[in-house]
Structure formats: structure tokens, C-alpha cells
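Here is the structure we will look at.
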Amino acid sequence: MAQHKINYTQNGGLPVALTSIDKIVNWGRSNSIWALTYGLACCGIEMMASGASRYDFDRFGTIFRASPRQADVMIVAGTLTKKHAEFIKRLYDQMTEPKWVISMGSCANTGGMFNTYATVQGVDRIIPVDLYLPGCAPRPETLQYGVMLLQKKIRANHASRAQKAKRLM
Amino acid sequence: MQVKNRLSPFFENITFDREDNEMILNFGPQHPSAHGQLRLMLHLQQEMIVKAHPDIGYLHRGMEKMAENMIYNEFMPTTDRMDYIASSSNNYGFALAVERLIGLEVPRRAKVIRMMLLEINRIMSHLFWLATTALDIGAMTVFLFAFREREYLMDIIEGYCGARLTHAAIRIGGVPLDIQESFITQLRTFLDKLPANIKDYEDLLDTNRIWLMRMEEVGTISKEMALSWGCSGPMLRASGVAWDIRKEEPYELYDEVEFRVPYSDKGDNFARYRMYMEEMRESAKILYQTIDMYEKTVKEGQTELMAHAPKYVSAPKLDIMTQNYSLMQHFVLVTQGMRPPVGEVYVATESPKGELGFFINSQGGPYPYRLKLRAPSFWHTGILTDLLPGHYIPDVVSIIGTTNIVFGEVDR
Amino acid sequence: MRAYKPKDDVQKKAYYTDRFYVSPQVPKFSVEDDEVFAHDLEAIKAKVEVLDAYIQVGQMVVFIKPEDNYKVLELLRDRCEYTQLSEMSAIDWLAKSGGFEIFYQMLSMNKRKRLRIKMFINKGEAVNSVEKLFRSADWSEREMFDMFGIEANGHPFMKRILMPYDWQGHPLLKTYPLQGDEFAAWYEVDKIYGKEARDIIGPELRDTAKVDRYDSERFARLGHEVPKGTKITGNEPKNEQNYQEEGGVFMIKKFDKKDSVVIDDPQR
């Protein structure tokens, strides 16, 4: 076994940082936002692209998880149809608190160009949304910026208090 | 915080204790390897699938209905969202159908540019296919590699039309823009690198034991089955029918370029994988030839990009800005839409996924009376009903992967 | 006076058509012009009655009686080498002649020919399923049932395919509005939260061009965000758009533009 000797008086002093609970919890939450893969349509492809080589989401601590129980944020990427609506509600309910929702792209925001009988006119009719990203489809840069804004939003929370109930019912 | 709702507890996922020892497994509609929103009801005996029931429609947005309420040019961006991996090929399929309906001849330079876009889209689509399928089977490296190459192509396309994914780069009657200055150089750089890249992927996959076990002799589609299910594109060619619409019913300038049509008589996953790899090489070959053709049109001074048909196509921007009549005609075409002749047309093009057909019934009005989109993936999903029984659960993922279905065009 | 809107076709109409406008026709040619098609037509004529046949845009169109569809498709597949049914669907002619036109788009790979079989059925009639001949008709006929309500006799699983099973109405009928009826408008709300939630969630916003800057319930004005539900007066303070707090946060430095390098070459 390797022996580790730590000299507390050298190299920057004690390996201890003083902070408040709020800060440390928020730091942890905001820097490991695991996203639920919710690629529904075209935006899902851009979401994949932002997870892939060029845009590399992992450096934000954002890793795509396939299970709602391991995810913190649901990125609704694409058109939500009426047939699918109940499933998004189910998966949202299955996510553990605290949870956030990013609505990515025009279709998820408002129904977008699909002003038809089969499309839900905005995912916020089903689940509460924290962040709306415009674009059809939004570029990966937009999603990255959105995630950074979400990090900022998380940091503004008081970690010790329960999350305020969001809209909808 | 659970919010109360009307949804009953969802235990449909697993049903135990059936008398015949059959288990029903629900796969999807939000499964990471379902390539979209496919839902499969699988009846299982142990690990073996005995009955499969694909359920689609989770991305049905009513495009055909939209088409009946839109003028022809207005519908063009909507076609982008069908097969969103290769948008330009949808744009092209629709544009070609309308052009055949009104009998429009497109200038040669526009044809060359269109062909470039189509083939770039084909390579993009196949790279994306490779990336996702490899990821589903566990080859993360190939995913990262293929996405890296895809980004180069996306840059080129972005330079041309400004969009990465939803191009809307083709108009009825031609193309709106000439290619940008850096297009040819960038494309050449990419194409020169492409064979080495494809070699990289093949080195990673072809002799990989896991890859071979998941691919070889899995998901075999016989020739009769492929024909009966209306398969097309790589799915059909992997099953032993050398049918490529670009070759057999040439559109654009495909009769002037040289390329081979790869096909295989194995019909399994591995044959389809080889098909995609070979097609990328052929597309690269076509792209080299189109670059030469483009340079020739430049030399000969053919600068026309849109067909001259005042009844259907707006005049060039310069004319609209300077000439009264062109402005009036442009105004009418934009506000009221073109009115194609009364008649019907069905035009099939070879999209990266297979035969993409547009059936248009026009009654002489500015809106199509009926527009039916024949999307190849629809039948490639349907074939899962007959294909999956007899396979094991892990094979489902690799079979869905190699069928290359995109739910934008399955559900439309 | 309110403009008259026909109830049997609620799709969008041209708002102005010149009185003297006569729309041109896509030319139809006689089948005799093409040797292969003439031969195929002979084969069909020998078996069933053909109502009309012509060539349009390079493809033969044959009109037959609806009860003959199975026979004709079988003949085409087995004798005339039309091995693939590429597409089939219906066209709604209820407003004009009280029925549907059904087309089968066939492809022969050996002859490199495509032809279209068409037939006309009245409202409420069913067609014979051709699922036994071409498996691809399995899903097409289900889609046709889903979209138009035309049933196929002898189909093994005649259920909706694209819309949910509990959907009401057939979307591609001309009587069905693009944005859906009352049932469609509240479908997801009724299903998930129940009818009593309609008032809370509110109706769908269908006007795509609607922008209301005094509405803080839906979207916030970029750069002038206020808490949800606040009354907006128009002189909200400007919020600096910044993805990170000034001076950085715990353990993370703020990005400084001066210390960074811009890479211009995307192909690097």
C-alpha cells in the first residue's frame, strides 16, 4: 500500500475549506446535473450532439442517464404529442426531488410549427418547466448556455429549505 | 412532491403469473436505444421473444393534415422534420414531386448543388446511424468518432444554408443560393479524410468479437419478407435485391455519375452494417464527381439557380427588387401560393433510409388536396412484428439499430 | 354578413380565385403508348372489369371496382411481377361524391415500372384486406382506418395505429379541423389530471403570432424577468444576462474573456 504523507504546513496549508451547507450542497447539485435522456424528435439529435465529441457535455458534469430515478433534470427535447403526454408525466413523477425541467426547442415550448390536433401546445401544460430554450432546433451551444443558466438558478436556491412547489395543480 | 393525477399505477411493464408462463415486457416509448419513441410489447418465453407488437404514433404530429392546409412552399420546412437526420433529402423529395406535377425543368447548376446536398446528407445520416447503433451495442468510441466527422459535414451545410439540422435548403424549382466559397475546399478536405475514417471504424468493429456476435446471423430478413413488407434502401439491398432508385429510375444527374450499388444476400444485421459503410464510400465517390461537374458549370457560365416559370416560381431577387412585374408575381406567389395543374403524382426518391415517396393529389388550388408521405421507416418498423419473434431480448436493440428507423418519418 | 363556411370541408381554402381562372390539367396519355403497361392492362382486363385507365406522369393509373381489389393485386403480384406494394391510402371525396378513393401504389422492380390501382367506395363501406398478399398492407390499412375510418375486411388487427386507442374522430377527414375538435383539445389534460383541471390549466394557446408582454404567467421578457404572476407595468428594471455570478462561485472561477483564446478555424 502506498503511504501518503500530508504536510499540512506546506502547499497551501490545511486541506480544509470552510463554507456553508447551502453553498456546498448547491455546489454539488449544480455541478453534477444528470439529465434524463428525453429525446423526442429533432432536438433530441442536437441533445445527443451536445453530449458527443465536439460539445462534450461531460465537462459540465452533465451525464445522460436513461433512468428517471438517477436524473436531476429532464431535458424535454422535441415535439410532445398527445399520445405521449401521459408518459412524460409518469417519468416526471418518477424523478427524485429536487428536479428541474428544461424545455428544449419551439415544439416543447409552445407546440412550435406543429399547430395541429396531435401536438401538445407546450410541455408546460403537463409538467412545470424551469427553462425554455428557443430555436428549431436549438444549437448545442444554446443547450450548454441553458444548462449554465440552470446551474445559476440552482445556486440561488436555499438547499436546506424544501423546494417551492412549482406551477400546475 | 408527487402531484396527484389520474394515471393509474403502471404495472403494465411486467406481467407475471400467466398460465402459459409467458411474460409481457413493455419496451419504450421512451427507451434510450429505441431511436426515438418506439414502443414494443414483447411476449417472452424465458428470454426468447414469441410475439412482438410494435406500437407507433408517439411522434404523430399530423403532417399530412398540415400539408392540406399549407401552400406548397410553406410545407417545405415541415418536411425537414420528417427524417431529421437527413433533412435535405426530404426537401428534395417534396420539391421533385411538385416539379414533376407541374413539369418543371431545373437548371443544371442547381441540379449539381442538389446532388451535393443529397449525398452530404446521406453520409451524415449513415454516420449518425453508425454512431447510435454502435453506442447501443456498447462501442462508445465509434460513437464519438462518428459524431466528430458528422460535425465537419454539419459545418459545411451550416455554411450553405445557416442551419445544422433542419436545412430547408432546397426550393421548388431549384436551390435558393449558390454554394459558398469555402464549400468545395472544405468538402474536399473532408472527403480526402473520409476513407481513412471509415477504415478506422471498420478496424474497430469488423473483428470485434462482441460486435460480430451481436450482428452476425441476427435479424435475418429473407428476400420474400423484405419485398412483402415493402422494404427499401439498405434494408432491401442487404436482403439480396440490388434496387437503388438512383440507378434504376435516375433523377437529377445520377445517370451521369458513376457509382456502384452494393448489395448482399445475407440479410442479417452485419450485412446491413456493411451496406451502410459501402454506401458512404459510394457517396464520397459521387461527391468527387459532383465537384468536377460544379466546376464545369462555373466554367461554362451557367449561373441560373432557379427554374424560369413565372406561374410557379418567383423571379430572382434582383428582378424582384428592380422590376415591377416580378415583384407583383412574387407577391402573389407568396401570399396566395402557386396553383399547380389538376392531377396526381407519385414520386419516389432514394433517401438515406430507403424509398421516400410523395403522393400529391392537386385539384388546382394553392393547397394540395391530399398529400401522402411514403416514409421508408414506417415499413422498416412494421417488419419488426415478423422479425423479432425467435430472437432474444438483447437482439432487439441491435435489430432496431440496424433497421435505421427515425420516428419523425414513421409517425409523420 | 358572415361568410359562408361549408361544414363538410373545413380545410383551408384559397381566399381569392379569379373568376375566369381555369386550372390546367396534368396531361393524361393513352395506355397504348407504353408497351409494358398495355400488356399489364390486358392482363387485368382479362380478369376483371376496368373502369378507366391512363398514364399520368409516367405511371399507369387503373380504376377498378372495389370488390376486385384482392384479385387484381394478386394477379399483379403473381403474373405481372409487381412485387411490392409501396404505398396505399385513401383520398377523402365525401364532400364531392360521398365516398373515398383508395389507391394502391405498386412497384415492379424487374420492369422498372410503377402503377396505381384506384377504386372508389361509398361512405361506410369496407374494403377487402390485401394483408395476405402484401404484409406491408397490414400497417397501411390500419393507418387508413385510423385516419379515415375505412375498415378492411379480413384484417387480423383492425385497430388504430398512429392515434391512441381511445381517440375520437378520424383526423384526415376533411370535416376534421386541423387544430382538432373539443375532444382533441383537452385530451391530455382529461387523461392525466381529469376534467376538473381544465379551468386551472386553461385552454390551449393556438394563436402562433400572439405575443403579450404584459403576461407574466407564460414567458418572461428576456432581460426583464419578473416573478411569475407579477403585474407588468412596462418599466421593469433590466436584469443583466449572465450565466454566472460576478466574482465566481464556490470553487469555480469566473470565465474571463481577457485570459481566453479564440480559435477562429473551425476545421482545426
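Including glycine, each Cβ sits where the backbone N, Cα and C put it.
As annotated by TrEMBL, domain 'NADH:ubiquinone oxidoreductase-like 20kDa subunit' applies to A:42-148. Taken from TrEMBL, the feature [4Fe-4S] cluster binding site covers A:CYS42, A:CYS43, A:CYS107, A:CYS136.
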Tally of residues which DSSP labels helix, strand or coil - the domain 'NADH:ubiquinone oxidoreductase-like 20kDa subunit' (A:42-148): 44 helix, 17 strand, 46 coil
Could you please provide the mean pLDDT value for the domain 'NADH:ubiquinone oxidoreductase-like 20kDa subunit' (A:42-148)? 87
Counting every protein chain shown, other Cβ atoms within 10 Å of the Cβ of A:CYS136 ([4Fe-4S] cluster binding site) number 18
Other C-beta atoms within 10 angstroms of the C-beta of A:CYS42 ([4Fe-4S] cluster binding site) total 27
Around the Cβ of A:CYS107 ([4Fe-4S] cluster binding site), other Cβ atoms within 10 Å, all chains included, total 30
